[in-house]
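These notes are about the structure you will find just below.
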């Protein structure tokens, strides 16, 4: 009976695998898969539609067409299962075996596999050590290869043409063997002795760099073959597998035509050519005919495997290239991305969304018809359970008739059953959220207004999809993790995502504004109820200032009890009434101000931190309801008259026009260049526009009123347009400026500014020319948006791919590493405070009190709102925090290093996929970034050139570590450091501001000086760069000869003459000599640099104006020459999305600057053609030198001391240089700061830790330097975690570990070089990745998320992580049980009849493990 039941059992594959291995199939393996040889190219008989025997669809080989029925119809039904029909030879079984049974074709001549030949670098070429060209000539029968030279002087692997071959045959007879075609290559491959070849190469890893590189590449491939046990000759095919027929279907269409998969065509060609070749060989046809046929067979096989890879692609009847096996798996519509990573979903529906203002945050309105369809199976099962319907069919009828009982059941089924709503594009995890459905009439889904921000949805026709989680586990996850009321913070920044916008904000803002001399001003109320009654009786107005007695509750931190306190508060009627909805424990002061959008956001944030999630959600809902109600009550509307155009506008425009005329005049008289004229004109109009908008805002924002005492006073305006902009409901000052000020300057599509401004505004209306000018830039904007979306999506895809395997795997890795964090200060302004940067991170070391060194926070504890306030009060200004980059967890990251989960507000949970979260957080705002490259000029150069810097706050002066200065004869301090900074600390020693001071600046302050705000710190000449001497002495010119290296220039205005160094290209004879100056001391000897025997030599660069005479006495700090700065070319700054992509791809910038390779003294060597030789000598006397093009701006001069990593040639830094010279911490800081700059410009908040997570993934590979006793090859790239594990194992055995250096890879490179071949193949360059993996016989450990999605397992993150851990534990337990049982059986066999309870104990012990 059991065996009978087995017949009906569903076949379930055993899913417990932990890794997937890829390799190359041997001919034996291919034959073992096969169920028969395909001999004929026929497919199916066009009359009977039955497959031809031995053809491509043969039933004998591949299985029956109908379930349990042979082809000729002799055996039908289940009882014959497994019988093989003697007439037609078909096995009686299910037809689905046609999806898994393979066939094979025996090739009459071997054929090389094109992937191993043409996928670069060519694997065949590496193994044989031949060039790709030579191999191709052999394979396609253009040349012979010598496979066995015998006793002749010929070389094995030698190539000879047809004529050579004939000549050599005459000469040597049959002494040597040479072949052409894949046979020759196969013989060579079989002749390779892997072991001896590897030994030879390992010994040969010396010599020139090219040779070493080539040898190590070959070595790697050969080692891979040896390690994986794959024979090289398998790269040449003797037998070709045939795909199961149902995977390359042939479907008859009406009218006798067939739709077929291209593969059938390709296979047909191979079979045709193969059988023709076989026949030719049997007939012993002339060599040349057979050769041609072999070549055609090789080409047919190539096309089948990868069409178009070599030569022209094979085409079908309609001139379209046929889709080969390789095309099936690669690209967006290939197997990986189309079917494995994204699948279609059942139980889903989509419809238009409309607003649901009465819903609670965790609800959505679901149309009844949609719900009925989605929950059908649940309804059927209820109907059967209740006995209303006996069968599914009856239940179906019942539902379709729509009886009332069905609707009752639907209500019941839907209760407590969350559904998921998704709006495309899903850019971050808040794009899918779960809601409890509420049944509604109509056909549109109702959405809660507060979740619109997270979905980026609006109600102008957006559609959303609904998905039903079916299993209990899925429902549970949807409810606990995805319910909208559990996702109130953005994972990117930790800010609330449920912030009201638009009309709600306007309503709340209007209610909380105060009006001078409003109705009922000055009244005093005993409680809020009284205020409400007075308002209802129309005794007071909403915005009147009144005093009210209000009771506040403060929560005790330890006990959680509330203590009330009551006081009289000056407020307004609206605010007092609004205070009723405040959650218990929030002070009234939070709401006692005009509530703008930012304030409301802060309010919700404070509520979340102080009162918890539940209270906050309820509070947000109440805010929403009140906002809608109050906006309606306020009745704010706008009219043309609200757009007040300032009277002064006309005057400002006239004045600017006059200035422009003057400049035109100057240009005509030749006083200014055309570029200067353009810049100045743009400047004037830019200023005019700003001025008009200032005047306009001043007019809009204030209004005059009479107060209670009859005086005229100003108050904030109640102008509707102003209120909308001020509250943050809609519009901004810039938009109002276009409506009521002047539109100002417009840009051309290339980003340059048109110098004719639009002086009109929208209220006045534009004339034709103005309209035309404005269309120019506007159209560019539309085109940009389309590009931007695609680019941003691609960036997100690359980011997700590089981080997808990063998951929190342990609680604490125990490292003490970390980065010092301090506030970001730029140009004296705090851009990001220390508080914002360390909030939600963990301390790396104990945080000490700055004065008495007591411990304020222990290492490993997290900074939260409360203890940060404590730190700020104590004056802590820098903190060492744990970061994702210093985390020492292998294959993952630890919770302590990551810190707070921004989307939830607590410490991150183990199993959270922080990599994907980081990628989404950076990619999601991508569409808001600009696409354009900013041209310096016009708008950008408007910032006037700074010539001094002043303090913005009181404090004490300090300098940074690299600051150096000398005192000159006038007793002024002259800066001689390249990267000097002045730092101002307050009385607690906290850094308040930090200012860069250029080389040659004169300091107006000393260290530790007390200063007041507004004090000038330093000043300098912005138009020239000085060259300054650090030593005293008498000048002695060298090579300064007029007409040769310098020219005399006479100033037209002053009549003074100066010497200017001329360009060597314009000089005659003295191309090589450098004009320079030496210093002579009193005794006539050359002044030396202290501590060395270098004499002080200062070179004058091209274009320098020499400020001294020969033989003049100079003191330290004196200016020897000045270089006009004007010479710097304006370069375009890449901004927006392209900049972010550039940083994450770790590309070297176009004209990159140069950093000092080591600490030492600068000198210039002999110049070569067009290049300057820059040398740095360190204290030990080691010299490093490099050639710098003359047009580059060198920031250092002869004799200057530079620190390692300091900038010596102007230009953007190369991330690779930063990593090499300054280490990974500096690199991380550079990338984080640069990326943040781009986002900050657009007002997007992203937490630093997301960028750090990406940088960690960019640094996850290392390069092996010294191999120690590992099996690596020098120069090989290895996963960092694997390297560390290997080294730990070696240390434990007392062997020599390998040394390595960090490697920075761009995100695309990093994704492709991941250890998981499945993930890399599904990302890009599928062919290359799979070829490499197959040769190496790679194992994919299925660590990342992507691999697991592709093979269809639960992902090892979140709840899946627990599942996998439990599964592994169970496997180990089973193993232990099996061992115990085996042992007990062995013991019994040994004749001992010991108590069986011991085995039970053993298995229990294993279980308790």
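Any Cβ shown, glycine's included, is placed from N, Cα and C.
Noted in Swiss-Prot for the protein shown:
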- 70, 72, 85, 88: Zn(2+) 1 binding site (BINDING)
- 458, 460, 462: Mg(2+) binding site (BINDING)
- 813, 887, 894, 897: Zn(2+) 2 binding site (BINDING)
- 1385-1403: compositional bias 'Low complexity' (COMPBIAS)
- 1385-1409: region 'Disordered' (REGION)
When distances run from the Cα of residue 887 (Zn(2+) 2 binding site) to each of the binding-site residues 70, 72, 85, 458, 460, the nearest one: 458
Sparsest-packed among the binding-site residues, when each Cβ's other Cβ atoms within 10 Å are tallied, from 70, 72, 813, 897: 72
Of the binding-site residues listed as 72, 88, 813, 894, the one whose CA lies nearest the CA of residue 460 (Mg(2+) binding site): 894
Sparsest-packed of the listed binding-site residues (458, 460, 462) - C-beta count within 10 angstroms: 460
Rounded inter-Cα distance in Å - residue 72 (Zn(2+) 1 binding site), residue 894 (Zn(2+) 2 binding site): 65
Residue pair residue 70 (Zn(2+) 1 binding site), residue 894 (Zn(2+) 2 binding site) - Cα distance, angstrom, rounded: 60
Inter-residue C-alpha distance, residue 88 (Zn(2+) 1 binding site) and residue 894 (Zn(2+) 2 binding site) (nearest angstrom): 64
Candidates 85, 458, 462 (binding-site residues) - the one closest to residue 897 (Zn(2+) 2 binding site) by CA: 458
Cα-Cα distance linking residue 85 (Zn(2+) 1 binding site) and residue 462 (Mg(2+) binding site), given in Å to the nearest integer: 60
Entry from the binding-site residues list 85, 887, 894 having the most other CB atoms no farther than 10 A: 887
Mapped DSSP class for residue 894 (Zn(2+) 2 binding site), helix or strand or coil: strand
Distance [Cα-Cα, Å, rounded] between residue 85 (Zn(2+) 1 binding site) and residue 894 (Zn(2+) 2 binding site): 63
Pairwise CA distance, residue 813 (Zn(2+) 2 binding site) versus residue 458 (Mg(2+) binding site), rounded so that it is a whole Å: 44
Residue 88 (Zn(2+) 1 binding site), number of other Cβ atoms within 10 Å: 17
Whole-number Å value for how far residue 458 (Mg(2+) binding site) lies from residue 894 (Zn(2+) 2 binding site) (Cα to Cα): 39
